[in-house]
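Going by Swiss-Prot, these are the annotated features:
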ACT_SITE  CYS34  active site, thioimide intermediate
ACT_SITE  ASP41  active site, proton donor
BINDING   VAL56, GLU57, LEU58, HIS75, GLU76  substrate binding site
Amino acid sequence: MPSQPNRELETFANPLPERDYTIRIRIPEFTCLCPKTGQPDFATLQLEYVPDQACVELKSLKLYIWSYRDQGAFHEAVTNQILDDLTAVCKPRFMRLTAEFNVRGGIYTTVAAEYRQPGWDAPKIVRLP
């Protein structure tokens, strides 16, 4: 049976919850509709997060992202909605979603939204000589 788009995000247990590490996911084929014109808007999404107890399952993420292809949404709203949905299920220590929309009317739009778990501070980056 072919997969169908849906909004049910799934997670799996973080294999190393005691460690801060970053997961980066690039989604080059995001599509939604312009709510003003009904024309498709295309974007590349860059998801970066530090998991706590759960990680997002990639097939469910793919189907979730696919569910936006026929939905009208402003760039700012859809970026923040996706971030809110992901943080609700994953409960990460930190998550950033950057949406780079393709040119529309000679204008490129990039929207970046972040979530940070209260009390969590990023570890210092080690700079080697």
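Using N, Cα and C of the backbone, Cβ positions are placed for all residues, glycine too.
According to its DSSP assignment, LEU58 (substrate binding site) is helical. Using ASP41 (active site, proton donor) as the reference Cα, a 10 A cut-off selects CYS34, HIS75 from the recorded positions CYS34, VAL56, GLU57, LEU58, HIS75, GLU76. Taking the Cβ of VAL56 (substrate binding site) as centre and 10 Å as the limit, one finds 21 other Cβ atoms among all the protein chains shown. Within 10 Å of the C-beta of CYS34 (active site, thioimide intermediate) we count 14 further C-beta atoms, all protein chains included. Across the annotated binding residues for substrate (VAL56, GLU57, LEU58, HIS75, GLU76), the two most widely spaced Cα atoms sit 24 Å apart.
Reported as a whole number, the C-alpha separation between VAL56 (substrate binding site) and the residue listed as 'active site, thioimide intermediate' equals 27 Å.
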